[in-house]
Amino acid sequence: MACFCALAGRRSSGFLLVAFLDTFQVNRREASWPIMLLSALLCLSGLVGGPLAHRFTARPVLIAGSALSSIGAMLSFFATSIDIVKITIGVIHAIGAGMVFVVSPTIISEHFVKHKGLATGVYFLGATMAAFVFPKFLEYLYDRYGLHGTLLIFGAVLMNGLAFSLFPRTPEWRKAAPLEEKRGNTELSSSEEKGRLWRHGLSIFKSPILYLFMYSFIVQSFGYECYIALFIDFAVDRGATLSTAVTVYAVGAIAEAFARLSLPAAVDRGLLSNKALLVIVFAGQGLILLALPFLHSHGLIFAASVGTACTIGAGMIVIPVTVSGYFGVERMSMSYGIIVASAGLFSFGKPTVIGCVDYTHVRINSFGGDDAEVFRYRNGHFCFSQTRRQFPPPSIQS
C-alpha cells in the first residue's frame, strides 16, 4: 500500500499532463516539465535513498519518502502557475516517491529468498493498482473541484501511505550480522566501522555488470515514461475521447498485474531464467512501440496499450530481482539506487524530445504525429539494448 500511494502521481502522469494543459493554458513542452521532473527526480533520488538505506536500513527511508510524496501533492493546492507545480510535483513529490521506489526491493529481498520474484511482483502490484484506480479518481475530482482541489485531496489520500510504511521491520538476521562483525573486530573504532561499511557499498562500481544494468534501466525507464505520459494524449489525437483513453489506460493495469505476478513466478519455479525474461521484455516492448505510430484503429491502439503494460509490468520486477542476485541484499540499496539514478539523468532531455517537432515547426498533421516520432525514436534504443542482452560479457551469470 505504501507503493500504491507513493507512485500514484507517476502512474497518473497522462491525465496530469492534460489537466496542466487545460488549467494553465501552456504549450505541451511547458506542461510536460512537471511530469518529466517527476520522472527524473524520482529516479535521481536513488542517489540519496540508496546510500541512506545502506547506512540506516530501508525502513526510515521508506517512511520519509511516503511523507514527502504526500506533502508535495498537497502543496500544489497553492500553485498559481506551472512553475510552482514544477517544484511541488516535480521536486518534492518526486523525491519522496523515488525514495519509496528505490528501497522497496531491498525490503522484499530482506524477507524473501525462494519466492523473491513473486514477492517483488506482489509488492509492486501497488503501483499497478494505482494506475487502475487513480486516473479515473483524479478525473472525477477534476470535474468537480478543478486541478487545485484535486491535488489537495490527492495529497491527503497519499498520506495513508505513511501509515502503511510503518509496518515493515528490519529482519533479525540483518540486525544480528553487524553484532557478529563487531564481536570479531572489537578493535575497530566507530569511524573505522563506518568507513568499512561505505567501502563495501561502493565496491559495486568495480563490477562491469553494474553499468550494463544502468544502461538497461535507462532504456526501460525511457519507454515506461513515454508510455505513461503520452499514451492518453496520443489516443485522444487519434480520435478517442479523453474518458475512453483514461479508461483503457486504467484497464491496461490488469494486464500489467498479470505480467507482474505470472512471469516472475515462472522464474522462481525455474521455468524461465532472469536473463531470458529480460530479453523477452525488451524485444516485446520494442516491437510494440515500433508498430504503435502506424496504428489508427482504436482497437489496435488499445491492444498495443495492453501489450506495453505487460512488458512494463514484467520489466520493472525482473531488473531489481536480478540486481539482488548479483550484488546481494547487503549492497542492494546502494546498487539499485545508483541504477535508478542513472535513468534520472536522462529524463531532463525528454521535454525537448517530446516538443522538438513542434519547436522546429515540422509537424505531421497533428500532435499525434509528434507522439509517433517519439515512439519510433525510442524504439532504436531498444534494439541496441536487446543486442547487449543477447551477447552479455563472459562474467554474467544466467
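Heads up, the Cβ atoms here are built off N, Cα and C, so glycines get one too.
Heads up, TrEMBL stuff is auto-annotated, nobody curated it.
Model, not experiment: these values are computed from the prediction.
The domain 'Major facilitator superfamily (MFS) profile' feature in TrEMBL is assigned to 1-398. According to TrEMBL, the transmembrane segment annotation covers 33-53, 60-78, 84-105, 117-134, 146-167, 209-232, 244-263, 275-295, 301-329.
Across 33-53, 60-78, 146-167, 301-329, stretch 301-329 shows the highest tally of CB pairs under 8 A with the transmembrane segment (244-263). Between the transmembrane segment (117-134) and the transmembrane segment (301-329), the number of CB pairs under 8 angstroms, six or more residues apart, is three or more, so the stretches are in contact. Note on the transmembrane segment (301-329): residues 105-106, 109-110, 116-117, 120-121, 124, 127-128, 174, 204, 207, 209-210, 213, 216-217, 220, 223-224, 227, 231, 234-235, 238, 240, 248-249, 251-253, 255-260, 263-264, 267, 274-275, 277-278, 280-282, 284-285, 288-289, 291-292, 295, 335-336, 339, 397 of its chain, located 6 or more positions outside it, place their CB under 8 angstroms from a CB of the stretch.
When each of 33-53, 60-78, 209-232 is checked for Cβ pairs under 8 Å to the transmembrane segment (146-167), 60-78 comes out on top.
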